[in-house]
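Peer 1: Take a look at the following structure, please.
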Amino acid sequence: MKSAVILLPGLNRDRDMIAALTKITGQAPVTVWQTDTSIPDDVDLILIPGGFSYGDYLRCGAIAARMPVMQAVREKADKGVMVMGVCNGFQILLEAGLLPGALMRNASLKFVCREVKLEVTNANTSFTRGYKPGQIIRCPVAHHDGNYFADAETLKRLEGEGQVVFRYAEGTNPNGSVNDIAGIVNARGNVLGMMPHPENLIEAAHGGDDGRALFAGALGITA
């Protein structure tokens, strides 16, 4: 299974993402730049890492979402290719219209960098099939604008159709996200956006491997 990592000016978690994928799959992902208009046909998983694309000017992810490469990402997603955006990558997916809702400034108005606990609220997706329903996993967060919001109708649909796949466990919501939402998928289930950083917990020697199953599930391999 082959993966691709999207590179944009200002992202700073691309090396972490590349290292995680290389360790899990045994091969380095291909890298695709912001001005590229296509993604290799044999790619099974596209990842948009975290950071501060284009300095977070206008809104987080707003400029990145309008780069040529995102049209290529959109075309792949429409064909069923797995797409995953983490932190700024999640913000970009929202700005690109690939996922519903918005990410606002943290309720504390402060940058938050710490470990949180996540509840797996839907283990019946390709991304989360390596977990058990209700399982609590550890994951670090590092963001200033991670407060997820959506209107009542959108929230009802997300909750009712099982599109909320990760929720901050009780008492650990770091940003004020509505319904403690930490990660969602699209209706088809092949596009995931989440604020926490699973790529930073894939080796026991580095503090834990709770994030490993997420990548393995998306690629259809054994964790």
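Backbone N, Cα and C define each Cβ position, glycine as well.
Sequence annotations record features per position, and here Swiss-Prot assigns active site, nucleophile to Cys87 based on sequence analysis. Sequence annotations record features per position, and here Swiss-Prot assigns active site to His197, Glu199 based on sequence analysis. Residues or ranges marked as domain 'Glutamine amidotransferase type-1' by Swiss-Prot on the basis of sequence analysis: 3-223.
Buried or exposed, and what's around them? Tell me for each listed feature.
Peer 2: Cβ neighbours of Cys87 (active site, nucleophile) (same chain, under 8 Å, six or more residues apart in sequence): Arg13, Pro49, Gly50, Gly51, Val141, Ala142, His143, Gly146, Met194, Met195, Pro196, His197. Following the DSSP three-state reduction, the secondary structure of Cys87 (active site, nucleophile) is coil.
His197 (active site) carries neither a helix nor a strand DSSP state and counts as coil.
The Cβ of Glu199 (active site) lies under 8 Å from the Cβ of Arg13, Asp16, Met17, Ala19, Ala20, Pro49, Val86, Gly211, Phe215, each of which sits 6+ residues away along the same chain.
Averaged over the domain 'Glutamine amidotransferase type-1' (3-223), the predicted model reaches a pLDDT of 96.
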